[in-house]
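Over in TrEMBL, the protein carries these features:
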- 23-288: domain 'NADH:quinone oxidoreductase/Mrp antiporter transmembrane' (DOMAIN)
- 290-343: domain 'NADH dehydrogenase subunit 2 C-terminal' (DOMAIN)
- 1-22: signal peptide (SIGNAL)
- 56-76: transmembrane segment (TRANSMEM)
- 96-115: transmembrane segment (TRANSMEM)
- 152-171: transmembrane segment (TRANSMEM)
- 178-196: transmembrane segment (TRANSMEM)
- 202-219: transmembrane segment (TRANSMEM)
- 239-261: transmembrane segment (TRANSMEM)
- 281-302: transmembrane segment (TRANSMEM)
- 323-343: transmembrane segment (TRANSMEM)
Amino acid sequence: MNPHATLIFSLSLLLGTTITISSNHWMMAWMGLEINTLAILPLISKSHHPRAIEAAIKYFLVQATASTLVLFSSTINAWFTGQWDITQLSHPTSSLLLTTAIAMKLGLVPFHFWFPEVLQGSSLTTALLLSTMMKFPPITILFLTSPSLNPTLLTTMAIASAALGGWMGLNQTQTRKILAFSSISHLGWMATIIVYDPKLTLLTFYLYTLMTATIFITLNTTKVLKLSTMMTSWTKAPVLNTTLMLALLSLAGLPPLTGFLPKWLIIQELTKQEMTATATTIAMLSLLGLFFYLRLAYYSTITLPPNSTNHMKQWHIDKPTPALTAILMSLSTLLLPLSPMILTAI
């Protein structure tokens, strides 16, 4: 793609995100979401592969439907209350429609169907944007409207997302699809707690973004798209693959690593809200995710394929590992001891 075009689309993404997260008026928030959608479409379809074109069309249709629902929800609320302020979402029908629209934009169950397919049709860099930056504006809208949302509906969707994200990820061989189902599962954790502690949802999202960015950048450096390629990537960059294993275990939420912090805080908050059954269920469902993260970690560091592979083996990566990867990797694995400072900051 032309560098000037890439720059324009990247700046449009930043502009759309900034407009949405800083707006108080529904129309401004909607406009920011639309700019985001239109800016990411060329980045999804830039390879001109049929699968990429299909992914772009699916993404456009789902996002257009969700944006229509956001407009519909805000108009109903304005009709009954006379308010266009995002924080004044008091009409129950508007709240229900908004929850549906944001679930579609994020990829929460039962509106998750588009997300793995779109990620699979995109490059690793675009998949990183779709998994992290594109989720920030919808989560900000949920954050602003959290007092008006239906806790029962969100908890149901959250548990379904955690279950389906873990269950569907078990049988995948493509790394992008595995990370898509991982994203759905993590969104379940965020949706559970948004009504009770919105700041904790934002903290969870920031840490999830950090860990996911680390994994995507590492996979992009070693050019790994599926598990069979991952088996041979150990010889390209042994140190990078070892740290990738730690980042995957952190995303799984194992205790000494950064990823344990949000899960620990969410379970603690749910217990304080006397939702022990929800906390137990979602903690048990995270074991499904742990299984496929462990499988990825195992493939990335321990195994070599017993049979010949049908692609050219590359014994060394051509370019040095960027410094950004080292910084992200350190943050993805070593932030747990700093949790008192992080909790003071939020």
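Placed from the backbone N, Cα and C atoms, the Cβ positions cover glycine too.
Keep in mind the model is a prediction, meaning the values are calculated, not measured.
The transmembrane segment (323-343) is in contact with the transmembrane segment (202-219), judged by 3+ CB-CB distances under 8 Å for residue pairs 6 or more apart in sequence. Mean per-residue pLDDT, taken over the domain 'NADH dehydrogenase subunit 2 C-terminal' (290-343), amounts to 76. The transmembrane segment (152-171) shares the most Cβ pairs under 8 Å with 281-302, out of the stretches 56-76, 96-115, 202-219, 281-302. With a threshold of 8 Å between CB atoms, the same-chain residues lying at least 6 positions outside the transmembrane segment (281-302) that come near it are 158-159, 162-163, 165-167, 169-170, 172, 175, 178, 181-182, 185, 188-189, 192, 227, 230-231, 233-234, 241-242, 244-245, 248-249, 251-254, 263, 266-267, 270. Residues 106-109, 112, 115-116, 119-120, 127, 131, 135, 139, 142-143, 146-147, 149, 151, 154-155, 157-166, 168-169, 172, 204-205, 208, 212, 215-216, 251, 262-263, 266, 269-270, 273, 278, 282, 285-286, 288-289, 292-293, 296 of the same chain sit 6 or more residues outside the transmembrane segment (178-196) yet have a Cβ under 8 Å from a Cβ within it. Beyond the signal peptide (1-22), the same-chain residues lying 6 or more positions past its ends with a Cβ under 8 Å from any Cβ of the stretch are 28-29, 31-40, 42-43, 46, 129, 133, 136-137, 140-141.
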